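Participant: Have a look at the structure that comes next, please.
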Amino acid sequence: MGVKAMLPSYELGFYALVVTCAVLYSGSGIFEASRDSMNRKAFRDGIKPGWHYFGRKMDVADFEWVMWFTSFRNIIIFTLSGHVLFGKICSMTVPQHRAVMYMIYGALAVLGSMGLVYLMIILSHCLLLYSVALAKQKWLCYVAGLCCLASFKVEPFGSWQSGFVTGAFDLQDVLFYGGCTFTIMRGMSFALESCEKEEGIYSIFDLLKYNFYLPFFFFGPVMTFDQFHAQVSTRELRRKDDEMKSIRVNALLHVGAIVAVDIFFHFFYILTLPSDLKFVNRLSDWSL
């Protein structure tokens, strides 16, 4: 009934110790299995040469990871660098219109990567959720948003929408569904905030500025519309005292996470090992 209690520190420490020991013991079994099986013929397609100074091959069965850091690496760096540079120029010259410039840049990036038809699908979802927001009924916003999300899993609506996008590349499905679903979630946030607005609703232009902010477009994170609108509506741009420190720390954390995952793929072949059921049957229960 509202009373919050924390477990004793010694109990929490005991649980952490048990979990850590279990993970280490299990990991040692996976490490040995990965080391002894790197040259198996059945794993030839999934294990390729990696960082040579590790002296171990790398698990490349995760095609998304491989694509992001091979063919899409330069595109990501170029596009996000352009976003930062473009945004900085706009903030210095026309700070009151920087949200519009972000929207234009984001829409052009989506157009260049996924095509005109995909952009039209995104705009249709935005228009639908904006129309629902006019009713200012929260339950209707939830129903409309969930129905839009369900349309990608219910046939024939799913194949009908995905069929509009022509061409093919390895990450097309990931970008297609990622951009569409996050667009719908952002549209729901916009619609719900419009319901809270006392007089009228926000314009569809506000929704488009919110939706096409490039760093959030394909994979989030989902910043709610009220937070985004408050930030982009601020005309006096002032950097907090510790803001650059926070940016550096977060950048180092992200780089560290990327390196850690790459090292993990060099020593633990958890994506390739399950492809050979005969080999998996010989693994211990802890390794499994």
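In case you wondered, yes, glycine gets a Cβ from its N, Cα and C as well.
Just so you know, TrEMBL annotations are computer predictions that nobody has curated.
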Participant: For the transmembrane segment entry in TrEMBL, name the matching range from 12-31, 172-191.
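Facilitator: Of 12-31, 172-191, TrEMBL gives transmembrane segment for 12-31.
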Participant: Which of these ranges is annotated transmembrane segment in TrEMBL: 193-211, 212-230?
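Facilitator: The range carrying the transmembrane segment annotation in TrEMBL is 212-230.
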Participant: Look at every Cβ pair spanning the transmembrane segment (12-31) and the transmembrane segment (212-230), keep those 6 or more apart in sequence, and say whether at least 3 of them are under 8 Å.
Facilitator: no
Participant: Go through the chain and flag residues at least 6 beyond the ends of the transmembrane segment (251-271) whose CB is under 8 A from any CB in it; none is fine as an answer.
Facilitator: 27, 30-31, 33-34, 37-38, 43, 46-47, 50-51, 54, 56-62, 65
Participant: State the residues, same chain only, that lie 6 or more residues beyond the ends of the transmembrane segment (99-130) and have a CB under 8 A from a CB inside it; answer 'none' if no residue qualifies.
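Facilitator: For the transmembrane segment (99-130), the far contacts come to 75, 79, 82-83, 86-87, 90, 141, 144-145, 148, 161, 164-167, 172, 175-176, 179-180, 183-184, 187-188, 190-191, 204, 207-209, 211-214, 217, 232-233.
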